[in-house]
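Undergrad: Take a look at this one; I'll ask things after.
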Amino acid sequence: MTNIRKTHPLIKMINHSFIDLPTPSNISTWWNFGSLLGLCLAIQILTGLFLAMHYTSDTITAFSSVTHICRDVNYGWLIRYIHANGASMFFICLFLHVGRGVYYGSYTYFETWNIGVILLLTVMATAFMGYVLPWGQMSFWGATVITNLLSAIPYIGTTLVEWIWGGFSVDKATLTRFFAFHFILPFIIAALAMVHLLFLHETGSNNPSGLISDSDKIPFHPYYTIKDILGVLLLISILMILVLFSPDLLGDPDNYTPANPLSTPPHIKPEWYFLFAYAILRSIPNKLGGVLALVFSILILMLFPLLHLSKQRSMMFRPLSQCVFWILVADLITLTWIGGQPVEYPYIIIGQLASILYFTIILLILPIISLIENKLLKW
């Protein structure tokens, strides 16, 4: 009898993707984040579904419905905090996943990398719209400030903003459409993730050395399934410690105050995972310039394959590039810190210097260092 795993049309696809998949024998823990992102997405879709059963997307009742979920629904508080902190875990895994891709040169798989950047943008859009839904002070003012940025687009800007708002300010129409988009986008993300995997399995996985590993492949199951389970247990442990001991650690206290269009919070800031981009936006005094810098701070990832001038794929054997990479990581941490600080001296100048350094490292320093390393290695 033939093995059903290898003959059944549906099970055969799963088999080729997760069981008999030939995988490089030397991939490290940095390759765990793909599966962890899949887990995060599943957690977010499930908890989000249960939250949507009790949530109402109306400006009058939205805040009360979230309170009702936390107080009256069975384990509603748990579902809500898993969803809120699950988003933070999602972004931690995303940043580490992208960082791994940059360090080990995974961006040379053009299609996989570009779909990944589109995925990152979609997840960011989804998270932003989700932050608006509880209709607290920071939800309302965050939505107002970020959507208003589109008014910097010449000619059509103001019309575009009012079209997104569904009126002349952030109101019921805005909240309703944000809820609709926040609900549908995770399913689009899941579909894009499938395309991401499809392209990845066309070429096979990269590995820390950056060398072709066709001569040394092992089956995904049991070697990497057991390794992924370890990552899953660690992720769930960290998430549950966060949820059960300090659920509001990464949130903003202002969001426990119902939205009030007549009272502006002293410091309007997004969730922690957007602070680096927010700092870049604030560093440029010109509105349009700031918006372009904000968009380009993410889209610049698409340029990595074009800026790769090294003869080696991975940074594993390139100590100079490694130093520059870790300076870039430190710079992003600095930007995240600056994004949460008030707009005053010395934070303004630190933010501007960190923003300049961010673009300079990616566009100039890394390619130049790559060429220097080629010379040193007589390539």
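Here the Cβ of each residue, glycine as well, is placed from N, Cα and C on the backbone.
According to Swiss-Prot, the record shows the following:
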- H83, H182: heme b b562 binding site (BINDING)
- H97, H196: heme b b566 binding site (BINDING)
- H201: ubiquinone binding site (BINDING)
- 33-53: transmembrane segment (TRANSMEM)
- 77-98: transmembrane segment (TRANSMEM)
- 113-133: transmembrane segment (TRANSMEM)
- 178-198: transmembrane segment (TRANSMEM)
- 226-246: transmembrane segment (TRANSMEM)
- 288-308: transmembrane segment (TRANSMEM)
- 320-340: transmembrane segment (TRANSMEM)
- 347-367: transmembrane segment (TRANSMEM)
Undergrad: Which number gives the other C-beta atoms within 10 angstroms of the C-beta of H97 (heme b b566 binding site), all protein chains shown included?
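TA: Within a 10 Å radius of the Cβ of H97 (heme b b566 binding site) lie 20 other Cβ atoms.
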Undergrad: Can you tell which of the binding-site residues H83, H182, H201 lies nearest to H97 (heme b b566 binding site) in space, using Cα positions?
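TA: Considering only the listed binding-site residues, the nearest one is H201.
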Undergrad: Indicate whether H201 (ubiquinone binding site) is helix, strand or coil by DSSP.
TA: helix
Undergrad: How big is the gap, in Å, between the Cα of H201 (ubiquinone binding site) and that of H83 (heme b b562 binding site), rounded to a whole number?
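TA: It is 30 Å, counting Cα to Cα.
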Undergrad: Show which residues of the chain containing H196 (heme b b566 binding site), separated from it by at least 6 in sequence, have their CB under 8 Å from its CB.
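TA: Within the chain, H196 (heme b b566 binding site) has Cβ neighbours under 8 Å at T112, I115, G116, L119.
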Undergrad: Under a Cβ pair cut-off of under 8 Å, which of the recorded stretches 226-246, 288-308, 347-367 contacts the transmembrane segment (320-340) most often?
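TA: When the Cβ pairs under 8 Å are tallied, 347-367 comes out ahead.
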Undergrad: Would you mind listing the long-range same-chain contacts of the transmembrane segment (33-53), meaning Cβ under 8 Å and 6+ residues beyond its ends?
TA: 69, 79-80, 82-83, 86-87, 89-90, 93-94, 96-97, 100, 182-183, 186-187, 189-190, 193, 228, 231-232, 235, 239
Undergrad: Identify, among the binding-site residues H83, H201, the residue whose Cβ has the fewest other Cβ atoms within 10 Å in this structure.
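TA: The binding-site residues H83, H201 were compared, and H201 has the fewest Cβ atoms within 10 Å.
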Undergrad: For H182 (heme b b562 binding site), which residues in the same chain are close in space, meaning a Cβ under 8 Å from its Cβ, but six or more apart along the sequence?
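TA: Once residues fewer than 6 apart are set aside, H182 (heme b b562 binding site) is near G48, T126, M129, G130, L133.
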